[in-house]
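Summarising the annotation, TrEMBL assigns domain 'Phosphatase 2A Regulatory Subunit A helical' to 89-318. According to TrEMBL, the repeat 'HEAT' annotation covers 211-250, 290-328, 781-804. The region 'Disordered' annotation in TrEMBL covers 371-410, 437-467. What TrEMBL lists as compositional bias 'Polar residues' is 379-394. The domain 'Putative WW-binding' feature in TrEMBL is assigned to 413-469.
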Amino acid sequence: LLGLSLYFEDGHDDLDDFGFDDYGSECDGIRITAFLDAGQDNLTPLGRLEKYAFSENVFNRQIVARGLLDVLREFSDNENDFISVMETVARMSEDGEPTVRAELMEQVPNIAMFLHESRPNFPAAFSRYLVPIVVRYLTDPNNQVRKTSQAALLVLLEQGLLSKADMETKVCPVLLELTEPSSDDDYKIEAVAIMCKVVTMLSKDTVEHLLLPRFCDLCSDARLFQVRKVCAANFGEFCSIVGQEATEKLLMPKFFDLCSDSLWGIRKACAECFMMVSNSTSPEVRRAKLSPLFISLISDQSRWVRQAAFQSLGRFISTFANPSSTGLHFTEDGALLEVPRCTLDRYEHLTQIYWAAAQTERWFTLPPTRMAAQHHPRNTSLPGENHSGFSSRVSDSSTNNTKNTKDTEHCDENFNSFHYWRSPLPDISGELEILSSQKPSDVAEDEEEKEEPQNSIPDSMCSPGKATSDQIQKVLDCLQPHMDDPDVQALFQRTSLRLRSVSSCVNPGIIYSSRQQVQQYSLSSVHVANVIPQQLLDQYLSMTDPARAQTVDTEIAKHCAFSLPGVALTLGRQNWHCLKDTYETLASDVQWKVRRTLAFSIHELAVILGDQLTAADLVPIFNGFLKDLDEVRIGVLKHLYDFLKLLHADKRREYLYQLQEFMVTDNSRNWRFRYELAEQLILIIELYSHYDVYDYLRQIALTLCSDKVSEVRWISYKLVVEILQKLYTCGSDDLGLNFINELTVRFCHCPKWVGRQAFAFICQAVVEEDCMPMDQFSQHLLPSLLSLSSDPVANVRVLVAKALRQSIMEKAYFKEPGCAYSEELEETVMALQSDKDRDVRFFASMDPNKSLMDTAPLI
């Protein structure tokens with residue numbers, strides 16, 4: 001033990017008692033439990049433990065406390081001795097010296113883990129002896145002991161070593177006691193902090209019934225601002241634990257008070273946790289109460305509060321996102337995918353609800369197959385059947401009707417994708433009946449109303465029995481989640497016009513005579529306002545204003561860029577026009593960190609916008625990022641495959657000519673850039689034809705294989721193998737053979753040993769990945785590989801031995817009777833087994849069934 005001599009300054013007798021007489025103070029080999037060894041006394045080991053655990057020498061007691069885990073190990077085989085040690089620990093916890101108590105508490109998590117792993121009666125022993133110590137030390141008069149106890153408590157909770165019963169009956173009561181109004185200020189502040197930390201590790205019931213009432217009281221503590229500040233900082237955690245009902249009923253009033261607290265630090269903490277609070281409320285509360293509250297924070301008199309609010313603005317807006325309107329959802333692994341629905345055409349799920357209105361009003365004509373679907377609404381496929389993003393466009397569906405129909409026949413009759421990821425739509429059957437009840441003459445009158453003066457109101461729109469404005473508004477509300485569909489937009493516009501016409505029966509001054517005005521009203525004001533409050537969007541769009549950087553935060557544009565995909569997801573692609581200018585402004589920002597942020601997320605934004613908007617609005621910006629600084633280009637490169645796969649094949653093919661540009665970097669020493677390129681190319685291979693792979697990617701791969709950095713070469717060899725597999729999988733054996741000949745010349749006959757070694761690795765990978773038929777491998781690659789078995793460089797022979805012994809000879813093809821290469825393989829391996837190099841002999845003799853040793857360091 002370092003500094004052990006400090007514990008025994010009172011004389012040599014103590015060293016003798018501990019059995020340290022043969023060791024110097026600098027010795028690292030001293031056992032901390034040496035005091036248990038037989039010495040000059042006649043005491044048993046337990047007796048010696050008692051002697052030194054309660055010695056008058058404080059240093060002796062510190063040593064015992066520090067070595068408790070080893071002491072328990074010494075006595076763990078005997079139940080009685082084990083209980084005796086635990087009782088000694090309980091008595092030691094009452095030591096009057098704070099350093100002894102702190103040393104003991106530091107060992108509690110380790111002891112608890114040992115008991116959990118080795119003692120069958122762990123819960124009882126731990127609960128009986130150690131938990132009371134932890135709880136008691138939470139109120140210890142010494143600050144160091146209290147801090148150590150708090151840290152130990154958190155570790156025990158994180159490791160799941162504290163039972164629910166102990167938390168409810170032993171820990172929580174102490175926390176409640178320490179947070180009472182009459183409690184000491186220092187204890188109270190510490191207890192609030194520890195309460196807020198442990199709440200995330202407790203069950204909802206425990207938090208709601210034991211801690212929530214006290215937390216609400218602490219939020220209103222008028223005397224200690226530190227208490228209110230801790231509560232504000234952890235408010236979101238409490239909301240997420242207790243859920244929506246308790247949040248809206250009990251916590252929301254407290255949150256409003258904290259957001260208007262006189263101290264800016266508390267208001268700032270509220271702004272920082274606003275997203276978590278919003279996630280725990282209903283959409284109605286979020287819109288009606290939290291939005292105005294957030295606007296007050298974003299216009300706060302304190303710059304620090306405004307700064308925190310703007311940083312949280314995008315995240316708060318993202319809480320308004322609804323899969324039913326965005327058409328997207330996040331999977332458990334964080335991937336953004338289209339809402340699962342049956343692989344039918346895009347209208348079929350809509351016509352189940354809106355077909356009557358569409359048919360009667362004649363706003364668009366459905367093909368016969370669609371009409372058939374209207375009268376026989378289908379339930380849709382199981383979740384996950386169509387998770388291919390936005391690739392299932394309407395242009396593809398026409399060629400797949402037969403397949404899609406067959407797919408739907410197997411759908412679960414109890415599953416409906418229209419309600420799977422979204423809240424149930426309101427029942428508008430009554431309104432649709434009214435819309436459907438109009439006669440053809442009524443429809444003709446509707447057509448004629450476009451030619452009437454602005455203040456002239458058709459009688460048909462005001463006559464009894466026709467659809468009311470409320471009924472038509474319900475239809476509009478149901479159409480809004482599907483505004484990305486152009487035909488639904490047309491239906492929405494016509495319905496909006498009719499709503500205005502009906503409303504004008506009461507107030508003629510509000511009728512819209514211009515189709516352009518109707519479109520602007522329906523697609524901009526109504527739809528955006530129904531997704532998020534307009535004030536929030538206006539504040540978000542203002543984050544690119546240079547004045548904001550001066551009055552709020554110099555990095556406000558970066559925060560805007562960071563949250564833009566979330567805002568775009570919330571608004572939906574039908575409202576992309578609201579964000580387009582902001583995105584273009586950010587993409588041309590002079591700060592490279594802003595552009596870098598966008599580059600790292602452009603592939604996610606492409607998923608949100610779909611292929612048409614991506615091609616129109618994102619591709620130009622993507623092309624600009626390709627020519628930017630390396631710090632920006634790396635963001636594009638890391639997700640190059642994710643972005644390219646969303647483009648149409650013709651647009652995607654244009655980038656074949658630009659991939660070579662990634663080989664050039666601002667700093668040639670930036671080898672990780674080239675490493676990332678090789679990794680992306682491995683994925684990108686599937687996006688292109690084997691002809692394109694051979695013509696474009698092959699040359700890039702071969703160049704990377706000759707890189708100066710071994711890590712880049714290592715991953716590039718795998719890229720070469722993937723290309724070879726692509727060629728043979730597509731049946732292009734001639735191109736495959738050309739590539740093999742090129743590999744043989746470039747690597748097998750390379751004057752540098754690293755090239756010859758690479759050839760051995762490639763051959764092994766080809767066999768393991770089944771990249772080509774074994775007869776083709778035997779004819780075109782194996783002879784060259786066998787020639788390397790006598791290579792003068794041992795590192796080459798090592799990989800040859802590894803490839804032959806662990807992969808090639810294990811293939812059934814080479815074990816078949818009459819295989820032309822069986823005998824030659826055996827002779828080569830036997831020669832390698834007697835090689836002069838030890839590593840070569842090891843790999844040539846190694847059992848193939850054992851785990852393979854990593855030979856990457858040899859390359």
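In case you wondered, yes, glycine gets a Cβ from its N, Cα and C as well.
Bear in mind that the values here come from a model prediction, so they are computed numbers and not experimental data.
Beyond the repeat 'HEAT' (781-804), the same-chain residues lying 6 or more positions past its ends with a Cβ under 8 Å from any Cβ of the stretch are 740, 744, 748, 753, 756-757, 759-761, 763-764, 766-767, 821, 824-825, 828-829, 831-832, 835, 837, 839-840, 843-844, 846, 852, 855, 858-859. This prediction places the mean pLDDT of the domain 'Putative WW-binding' (413-469) at 44. DSSP assignment over the repeat 'HEAT' (290-328) gives 29 helix, 1 strand, 9 coil.
The helix, strand and coil residue counts that DSSP assigns across the repeat 'HEAT' (211-250) are 33 helix, 0 strand, 7 coil.
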